[in-house]
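Quick look at what TrEMBL annotates:
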| type | residues | note |
| --- | --- | --- |
| DOMAIN | B:20-533 | domain 'Cytochrome oxidase subunit I profile' |
| TRANSMEM | B:39-63 | transmembrane segment |
| TRANSMEM | B:83-106 | transmembrane segment |
| TRANSMEM | B:118-137 | transmembrane segment |
| TRANSMEM | B:164-190 | transmembrane segment |
| TRANSMEM | B:202-230 | transmembrane segment |
| TRANSMEM | B:262-280 | transmembrane segment |
| TRANSMEM | B:287-307 | transmembrane segment |
| TRANSMEM | B:319-342 | transmembrane segment |
| TRANSMEM | B:354-379 | transmembrane segment |
| TRANSMEM | B:391-415 | transmembrane segment |
| TRANSMEM | B:427-450 | transmembrane segment |
| TRANSMEM | B:470-495 | transmembrane segment |
C-alpha cells in the first residue's frame, strides 16, 4: 500500500522552495509582459520544478526508486523545458539581436550539436543518477553498481538535475525557440524530435528489459519494498522506469510533432509575407 | 503568369504486350506506369492463389472430423495463405498503385530512380515465386506466417520450406525497401515547382509517410530473417532456447516489424479512401490537416505498441500495462481519420459508384476491425482470446475489410485512368455485394468461434461440438460467396480489357493532378503541368471564380 | 534537397541503421539479459581490433581529403587519396579475415554457441558492408582513371556518405563487442 502520510506531512514539502517559487512567479508577472497562456506555461513550469526539487516526490529518491529518478528526468528534460521556452516572450534580452552569442542567435545552424549535446547529457545524467542510486542503496541498477564510498556519491543529485534541465532547454531550443523565425523548418523539427525518440526508446527498452537479469535476482528483492512509501519490487520499479522513459516520453514528442504539423499544413508564405509587410507599415 | 510549365520529352503510348517486341519492352521497362501495372498483375496473380488456398482451408474446416487434406498440407496452406496475402498481395497492390500514381499526382514524369523501381519490382516478384517454388522442393513453409521459433528451426521443421520462406521474404523485403526509398526521394525531389509539401494530395502524403515506415520497419524483419537463416543453414543458435538462444527475441524482432507492417498496409488504403470519398461526395476532405497529421502520429506510435502481440508470453504487468496504454492511444489518430471521412460524407451530394460503395464498406468493416483490435489492447481479454479465431476475425477485418476494400475502391476509381476503360458498374455491384456480404458472413461468426474457444490453425475439430460446426459451415458458405465475387471481378476485368478505350481525361470530375493527363497517360505523363495553387488544382481550373484558398 | 543521389543514400543509411541496431540488440540481449557468460569476448584482442579501427577511421579521413580535391578539380590528388582510402579499407578487411581465422583455430565458430553466432553475424554483416563500400570506391576510381575523367559529384556524394556510415557503425560495433566486456 502507498503510504499517504508521507505525502501529507508538511515537513516533506520544502518551505524555502515554495517561497522561491512564489517569488519567481511574482517577478515574472511583474517584469515581463506576456500573454495569459504564456503566464500559465510559466506557472506550470515553476510548479513542475518545485515538484521535482522540493516536494516529497524528490525525497522518495532516498528510498532508491529508479522509476522516480526517471520521472524527475522526464519532467526536467522533456516537459519543463518546452513549457519554459513557450513562456518566454520573444523580445527577452537573451533572444534579441543585442545578445551577440551566435549559438543562441542561430540555433538552426547548430541543431546537430544541440542534439548530440543533449543526447550525451541525457545518457550521462541517467548513468550518473543510476550510479548514485546504486551507491546509496547498494543495489545494482541496470547492471550499474557503485560502492558506498565511490567518487560518484560526491556529485550532488540536484546538480545533475539542474544540468538535465539546461540540457532539456538546449535540446528544445531549435524547435521551440521563442523567436519563430529562428526555429527549424516544421518537417525538420519532426525528424529532430523523432530521432530523439529513437534514442530515448533504446535506453527505455534497455532499462525495462534488463530488469529480468540475474543481477537483480541475486540482490535484495524486498529491499526497497519494505521501507518505501511507494512499495515496488525492484523488478517492477526498474520496468516502470524503462517504460516511463519510453512511452510517455515518446508520446510527448509525438504530440509536439503533431501540433507543429497542424499549424504547418495551413501555412501560406504569400499570406505570411503580406502580413509581414502590413505590420512593417 | 503563364498557366502551364513546359517540360521536355518525347510522346509515345505505352507499348502493347502483343505488339512487336512488346513483351521485351515490358520486361525491361523502367517506366513507373508499366511497373505499377505489373505490380498490380502480380498482386492479382497471387491473390487468386492465396484465395484458392483460403478456399481449401475453409473446405477442410466446414465440418468436424474432416480429413479432406492432410494435416501437413493444411499447415503449409495456412502459412502460405497468410504470407501470400500480406507480402505478395497487399504489399504489391499498394506499392503498385503508389508507383503508378505518385509521379502523376505530383506532376512528375518518372520516379526519382527508375532502375531502382524496376529492381524493387523484380525482387518482389522473385521473392514471391521463390517462396512458391518450395511446393516443388519438398514442402512449403509450415510454421505460420509469423514463423515462431523454435517451431520454425530445423529440428522441428525439417523440410526446406522455412528456408524458402526466409529467403523469399528477405527478397521481397529488399524490394519493399527499394520502393520506400523511391517514394520518399520522388516526393522530395520531383514535385512540380508549384507544389509545396503541405499541398500534397492525401494519398501522396500517406505514401510519403509510409515510405519512412517501410524504411524503419523492414530492416528489423530482415535482421531477424537473416539470423534465422543463419540458424538453419549454418547451425547458429540465435532462436534455439535449448542451446542458449532466445525464442522470445524472434517474437520481438518479428512484431517490432509486424505492427508497423499493419500500418504500412493500412496507411495507403487510408490514402485511397481519402481520395475516393471526397470525389464521390463532391466535398472537400473534412479537416485535411487532421487526416494528414494523424498519419504522422500513427507512424510514430506504430513502433511503440508491438508487445500487445506478445501479452501471452509472460511479461510482467508493468510492461503489459504500458503497452496496453500505448496500443489504446494509437486508436485515437485512426478514430480521428474515420470521423473526418464521415464528416466529408456529411451534406455531400454522394454518387454511389462501386468505388464509393467499397469506400463505405471500408469505413464500416475497418471500424469493426479497429474495435476488435482495441479489445486486444486490454490485457486480460487478450489472454483469453489470443490464438483463437477471434484473432483470425480481427486480422481479416483489418486486412480484408480494411486494406483490400480500400484497394478495390482504388482499382474501380483509377481503372479508367490506368487502362482507359470503365469497369462495368453492374458487374461491379455484383462483385461488391457478394464480396461484402460473404466477407461479413465468413468473419463475423469467427469472433463468436473465438469466444467459444476455437483455437486458430487447428486442423480439424470434433464434430460433436455442434455450435462450432454450425458457425464453421456459415463461415465456409461466406467464403464461397467471396469466391464467386472474385470470379465476377475477374470476368469484369476480362471483358473490360477487350473493350475499346473510351474514358475521358477526368471521368469522375476529380481534382488531383493525375486526372489532368490522358487516359491512359502517354509514356511521357505531362507535356505541361498545370499551375497548382491549392490542394485541388483541377477544381481551381474548373472553377476560376471560386478557387480554393491559395497555399503558395 | 537537390542532390537526389545523396538523399537516397541518406535514407538508405537510416534504414540500414535500424538493421544494425537490431543485430546489436541481439548481441546485447544475449550478453546482458540472459544468464549466459560471453564466451567469445575473452578470446578477442581489443588492442589489435583497435588498431584496425584506426585504419578504417583514417580511410574516412582520406576520402574527405579526396572529396576536397575533387571539388577543386585536382584529379591527381583525388585519385591518390581515393586509392589510399581503398587500400585502408582493404587493410581493415584483411584484419577482420585474419581475426576470423585466428578465432576458428581456437574453435570459436559460428555454430559454437549463441555468442559465436552473434559475433560472426554482427561483424560479418559489417565486413560485408565494408566490402561493398570498397567495391563502390573501386568503381569510382576506375571511372576516374578511364575515359570518364569526371566522376559525377552525385555518385561520389552518395558513396562518401555510405563510407562514413560504415565507419560509424564500426565504432558502435567495436564499442559493444570489444570494449563493453572489458568494462
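Keep in mind that glycine also has a Cβ here, set from the backbone N, Cα and C atoms.
Because TrEMBL annotations are produced automatically, they should be read as predictions rather than curated entries.
Using the rule of three or more Cβ pairs under 8 Å, pairs at least 6 apart in sequence, the transmembrane segment (B:319-342) is not in contact with the transmembrane segment (B:164-190). Between the transmembrane segment (B:39-63) and the transmembrane segment (B:470-495) there are at least 3 Cβ pairs closer than 8 Å, counting only pairs 6 or more residues apart in sequence, which means the two stretches are in contact. At the 8 Å Cβ threshold, with sequence separation of at least 6, the transmembrane segment (B:354-379) lacks contact with the transmembrane segment (B:202-230), having fewer than 3 such pairs. The stretch from B:164-190, B:262-280, B:287-307, B:391-415, B:470-495 with the most CB pairs below 8 A to the transmembrane segment (B:202-230) is B:164-190. Take the transmembrane segment (B:287-307) and the stretches B:164-190, B:262-280, B:391-415, B:470-495: counting Cβ pairs under 8 Å, B:262-280 has the most. Packing against the transmembrane segment (B:262-280) from elsewhere in the chain are residues 86, 90-91, 94, 97-98, 201-207, 209-210, 213-214, 217, 291, 295, 298-299, 302, 337, 341, 344-345, 350-353, 355-356, 358-359, 362-363, 398-399, 402-403, 405-407, 409-410, 413, 508-512: each is 6 or more residues past its ends and has a CB under 8 Å from a CB in it.
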